[in-house]
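Input: a single structure, listed below in structure tokens.
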């Protein structure tokens with residue numbers, strides 16, 4: 001286990017290096033002069049040139065790149081051009097908001113998607129199964145921007161039940177906070193819910209055809225026990241994989257959802273930064289998201305071991321066979 | 001009644017796949033006394049496993065159905081029991097071990113966990129007491145250092161040891177009847193003998209009845225008193241093991257016996273086999289199901305299905321020419337290739 005964690009931590013270095021390189025050059029390819037964008041249309045040519053000089057935009061690209069790498073090694077992600085404060089502060093301000101949204105969407109997806117998938121597998125080829133399969137196909141294919149707008153139209157504009165944008169402050173009470181959270185987390189949960197249902201359904205169907213399920217029934221165990229203990233634990237591995245992937249996705253900031261609902265998270269931060277050509281913010285946020293991805297993947301790998309004792313994290317074959 | 005444990009009457013099981021109905025088991029009847037062991041032999045697809053799994057009603061509900069018959073166990077018809085009542089029978093009164101212990105133990109739970117859950121499914125005892133019982137059971141089936149083994153996972157055991165664990169689980173609640181579905185097929189030959197001996201010892205010690213399903217007549221010879229020969233979903237011959245070896249009557253049984261390897265056999269001689277294959281049970285079989293492969297078949301065999309007829313000495317056979325005054329002359333090497341041409 002320790003070897004495994006050490007090995008994986010070392011793997012983080014090349015991953016982050018590659019991400020840093022790619023994001024640097026992609027942001028440099030964005031059209032438009034950041035100095036001009038930031039100073040606005042009224043700025044004079046001299047002002048823009050002076051500002052660009054101050055930001056170091058006139059240095060040769062390789063020099064900018066090396067300065068950037070050296071700062072990264074020193075864990076200095078730089079100052080935002082538009083907000084004029086350290087990136088780290090910006091991320092620390094926005095990331096918790098994204099976590100709130102991501103966790104509530106993930107919880108909805110697990111609470112709704114997993115039982116639906118299990119039920120569909122249990123009742124294979126019945127109307128319940130067809131319903132779950134059809135709905136989950138619709139769910140994974142749903143365009144979020146459309147669904148988000150429709151939710152706003154229905155629940156905010158027509159019914160007037162829920163606020164359409166922004167995030168509620170806890171100072172105004174828990175209900176105000178939750179009211180603001182409902183629509184964005186529903187929109188964000190749609191795809192993961194459908195995906196979890198599909199994955200757990202097929203994985204349960206495969207597990208239920210195993211001999212040990214027949215053996216468990218032959219021992220006189222209750223059917224719920226057979227399904228939720230014997231089958232489910234075996235069916236969890238593929239589910240863990242998609243939960244991990246989805247969660248890192250959600251933590252990376254749901255760009256569309258946060259934009260539609262003006263949710264002040266990582267996604268909105270990045271979109272605004274791109275708009276303003278604030279590439280320091282884009283670089284810092286993308287590297288941060290990459291770290292989150294790697295950490296979540298690591299946690300998922302450790303969980304595989306918890307679910308399946310045959311998994312050997314340190315490499316080599318797993319026991320006698 | 002006193003000695004009778006299980007009576008199966010006219011059991012038929014059908015598989016439904018779309019519009020095709022396959023009669024996997026067709027009117028099977030037999031009975032079993034307490035502490036008796038009975039072997040069911042036959043080739044793949046003969047219905048022997050389906051018969052046995054039907055007793056526990058473990059055939060897949062989605063496509064298999066018991067279409068007729070009764071299964072009387074200790075005076076109760078198992079087919080008429082509710083799901084809850086049936087669950088109390090499984091693992092408690094009747095338990096089962098399967099062909100491949102590496103797939104019939106759940107890989108993600110320790111063997112201790114799988115033993116304890118079985119005990120606690122039927123006995124109202126504490127976890128601690130159940131664990132104690134689990135240790136005794138592991139010891140009973142000859143697993144060394146049970147206190148260490150009990151926390152291990154199935155993949156940390158060898159094949160033979162896994163089957164011992166399966167037997168321990170099956171015996172957890174002192175069943176009256178143990179159904180063993182090809183318990184040695186997936187094991188090494190040396191381990192096979194150990195497992196069979198263990199089962200025999202345990203049967204004497206605990207006094208349970210055994211239904212042994214196998215395609216290996218040798219296994220039946222070693223472990224059983226009674227034997228049923230199944231072919232195409234029907235019983236074609238039933239006798240004591242001794243009687244079957246001394247005076248086999250059905251041409252199919254002759255073929256099975258001829259296919260066995262004997263010590264005196266010339267090692268260069270080709271192995272004898274029964275040519276052809278069993279009939280497709282998704283079609284109505286007219287006449288004797290064995291007719292297409294039988295070197296003794298005559299016109300009547302194509303027209304009428306022979307019933308299983310009891311002979312005077314408890315031997316029963318389903319053949320037109322082996323009842324009453326009719327008797328067939330068993331030909332030497334009737335199934336050797338070349339000596340038998342289809343009529």
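Glycine is treated like the rest: Cβ placed from N, Cα and C.
What TrEMBL says about a protein is an automatic prediction, not a curated fact.
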Subject >> Where TrEMBL places transmembrane segment among the ranges A:177-197, A:198-218 >> reply: A:177-197
**OP:** Please figure out which one of A:12-30, A:99-119, A:131-157, A:239-261, A:281-304 racks up the most CB pairs under 8 Å against the transmembrane segment (A:177-197).
**Re:** A:99-119
Original post:
When you scan the chain for residues with a C-beta under 8 Å from the transmembrane segment (A:281-304), skipping those not six or more beyond its ends, what do you find?
Top reply: 1, 4-5, 8, 11-12, 15-16, 19-20, 23-24, 27, 68, 72, 77-78, 80-83, 87-88, 90-91, 95, 237, 240-241, 243-244, 247-248, 251-253, 266, 269-270, 273-274, 311, 313
**OP:** Between the transmembrane segment (A:99-119) and the stretches A:12-30, A:131-157, A:239-261, work out which stretch tops the count of Cβ pairs under 8 Å.
**Re:** A:239-261
